[in-house]
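K.L.:
OK, Swiss-Prot features for this one:
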ACT_SITE  Lys194  active site, proton acceptor
BINDING   Ser14, Tyr15, His35, Lys109, Ala142, Arg258, Val282, Glu284  NADPH binding site
BINDING   Lys109, Gly138, Thr140, Lys194, Asp247, Ser257, Arg258, Asn259  sn-glycerol 3-phosphate binding site
Amino acid sequence: MNNAAEITVLGAGSYGTALAISLASNGHKTLLWGHDPKSMQVLAESRSNERFLPGIQFPDCLSIEADLGKALAASKNILVVVPSHVFGDVLKQAKPLLRDDARIVWATKGLEPETGRLLQDVAREQLGEHYPLAVLSGPTFAKELAAGLPTAISVAGTCPQFTHDLVELLHSPKRLRVYANDDFIGIQLGGAVKNVIAIGAGMSDGIGFGANARTALITRGLVELSRLGEAIGADASTFIGMAGLGDLVLTCTDNQSRNRRFGLALGQGKDVITAQEEIGQVVEGYRNTKEVFTLAKRLGVEMPITEQIYQVLYQGKAPVEAAKELLSRDKKSETLKK
């Protein structure tokens, strides 16, 4: 049994493992939990996650645990890195096992399925008001993060001390710069919307529209993110930071992004099911599109790019037709509110 850790990471996929490696590489005792005991045994024996991060060895400070109770007992700092559609279920499982002094941070990017609620609302529903909450987000492809290549992220939360402690835990002079941010809502929203726009950027490139169209789509996607953020009380300046523009540009322009590759396949004429199967991992943007569209409709926020992507994914519209509709929209002023 692991008696103590500075932080426990829930979720042994590519991103959860990469964050655990980064934390342990800083010299912090880190525990990584996954739901499948057999898979976790393989990780423990090989000291690597060959399925998602081949060739990258675990630091000595990284321990593996398949028992959720033991994993949660090991640390007061709990980092949740699971797909958004199981986020609530994982917290529900965790609730009776949490330490009284537990503090919850997540790197999950998305909103609640069907409702479009922010994950902070899901967390409060499952955990109550007792535990401090935080979120981290930014341009972080798992393979590059695990390999020690430099990047930067933002962290925001409900408790200033917890945010400060997370900055200290995560920051590494050689591999990861961490910015504190007081916009808890904006940091969460950026991670969901960028996945949607990345699918659109991939579709644009898959059709063959070129760099000009991709850049225009990214720019107007940022407008949509800012528009939605303003409607739910986010700070507009957040969206020109790491969790907004930073993550958006990364996800829209590099083929390490599953969302972008998914969009590429759609733009090349493949159907949704085939495109998802080709990726072989969770494409968060597929669900995020429905979630973001649901939230925008509920708030009456105009998001034409998101709406067209939704119609491609859920109503069978051809990507070329979606592009035509976007280009033929009424002429208007280029401002965030128009």
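Cβ from N, Cα, C; glycine included.
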K.L.:
Can you tell me the CA-to-CA distance separating Ser14 (NADPH binding site) and Thr140 (sn-glycerol 3-phosphate binding site), as a whole number of Å?
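P.N.:
If we compare the Cα positions of Ser14 (NADPH binding site) and Thr140 (sn-glycerol 3-phosphate binding site), the gap is 11 Å.
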K.L.:
Do me a favour and check the Cα-Cα span between Asp247 (sn-glycerol 3-phosphate binding site) and His35 (NADPH binding site); whole Å is fine.
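P.N.:
So the alpha carbons of Asp247 (sn-glycerol 3-phosphate binding site) and His35 (NADPH binding site) sit roughly 28 Å from each other.
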K.L.:
Checking the spread of the NADPH site as listed (Ser14, Tyr15, His35, Lys109, Ala142, Arg258, Val282, Glu284): what is the longest Cα-Cα distance, in whole Å?
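P.N.:
Binding-site diameter by Cα atoms for NADPH: 23 Å.
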K.L.:
Relative to the Cβ position of the residue listed as 'active site, proton acceptor', how many further Cβ atoms are located within 10 Å?
P.N.:
33
K.L.:
Which of His35, Lys109, Arg258 has the fewest nearby Cβ atoms, counting only those within 10 Å, among these binding-site residues?
P.N.:
His35
K.L.:
Show me the subset of Gly138, Lys194, Ser257, Asn259 whose Cα is within 10 Å of Tyr15 (NADPH binding site); these are the recorded positions I mean.
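P.N.:
Within 10 Å Cα-Cα: none.
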K.L.:
Sort out the sequence-distant neighbours of Ser257 (sn-glycerol 3-phosphate binding site) for me: same chain, 6+ apart, CB within less than 8 Å of its CB, listed by position.
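P.N.:
Once residues fewer than 6 apart are set aside, Ser257 (sn-glycerol 3-phosphate binding site) is near Phe141, Ala198, Gly202, Leu250, Thr251.
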K.L.:
Determine, using Cα-Cα distances only, which of these binding-site residues is closest to the residue listed as 'active site, proton acceptor': His35, Ala142, Asn259.
P.N.:
Asn259
K.L.:
Taking every protein chain shown into account, which of the binding-site residues Ser14, Thr140, Asn259 has the largest tally of Cβ atoms within 10 Å of its Cβ?
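P.N.:
Counting Cβ neighbours within 10 Å, the top one is Asn259.
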K.L.:
Run through the Cβ atoms and count how many others sit within 10 Å of the one on Gly138 (sn-glycerol 3-phosphate binding site).
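P.N.:
By my count, 25.
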K.L.:
Given Thr140 (sn-glycerol 3-phosphate binding site) and Arg258 (NADPH binding site), what distance in Å do their CA atoms have, once rounded to a whole number?
P.N.:
13
K.L.:
Taking Tyr15, Ala142, Asp247, Val282, Glu284 as the binding-site residues to compare, which has the smallest set of other Cβ atoms within 10 Å?
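P.N.:
Result for the binding-site residues Tyr15, Ala142, Asp247, Val282, Glu284: minimum number of other Cβ atoms within 10 Å at Val282.
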